[in-house]
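According to TrEMBL:
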REGION    1-23  region 'Disordered'
COMPBIAS  1-13  compositional bias 'Pro residues'
DOMAIN    43-175  domain 'MARVEL'
TRANSMEM  43-66  transmembrane segment
TRANSMEM  72-97  transmembrane segment
TRANSMEM  109-129  transmembrane segment
TRANSMEM  149-171  transmembrane segment
Amino acid sequence: MEPPVPPQEQPPRPRSHTVTTTSSSFTANLSASSSTLAYDREFLRTVPGLLMVTEIVLGLLVWTLIAGTEYFLYPAFGWVMFVAVFYWVLTVFFLIIYMTMTYTRIPQVPWTMVGLCFNGSAFVLYLIAAIVDASSVTKDLDSHNYNSWAASSFFAFVVTSCYAGNTYFSLISWRSRTLQ
């Protein structure tokens with residue numbers, strides 16, 4: 001038997017010292033967009049910014065005061081919960097949009113009209129919810145939850161006035177945009 005024949009060795013190839021890297025358009029766009037993320041610190045110092053923060057804090061108070069009770073036994077409080085939670089989530093969403101100045105990167109959206117419609121609808125529905133909340137609070141209904149429901153009613157009217165103020169400022173902003 002013959003010994004195995006070693007494979008022929010090929011001469012080593014010269015190595016290149018150049019490294020080529022490529023990036024996809026996704027990573028290029030991602031890095032470009034994240035580096036231009038703006039943060040508007042001055043928004044919280046404006047009256048609409050302060051009203052929005054007040055809406056968030058007191059709106060949270062409205063729905064947590066009701067959520068801590070047996071509200072599901074009374075349909076009127078279910079309506080108040082719906083309005084309070086719905087507009088609380090949307091107000092947080094709009095605060096993030098205004099704080100990060102996202103509205104400047106989506107110019108196709110008429111932001112002044114969106115703000116006016118949002119604040120106007122929040123004012124009207126919160127006013128209805130606050131009236132329903134106040135008219136549903138009686139000691140005869142459930143004296144155990146009376147204080148929570150009375151407090152939520154008070155804060156619902158305060159939040160309603162905040163949305164009324166923001167509706168006013170949104171209307172002024174919308175009018176100034178339509179006159180130009």
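The backbone N, Cα and C atoms fix where each Cβ goes, glycine too.
The stretch with the most CB contacts under 8 Å to the transmembrane segment (109-129), chosen from 43-66, 72-97, 149-171, is 149-171.
Across the residues of the domain 'MARVEL' (43-175), the predicted structure has a mean pLDDT of 93.
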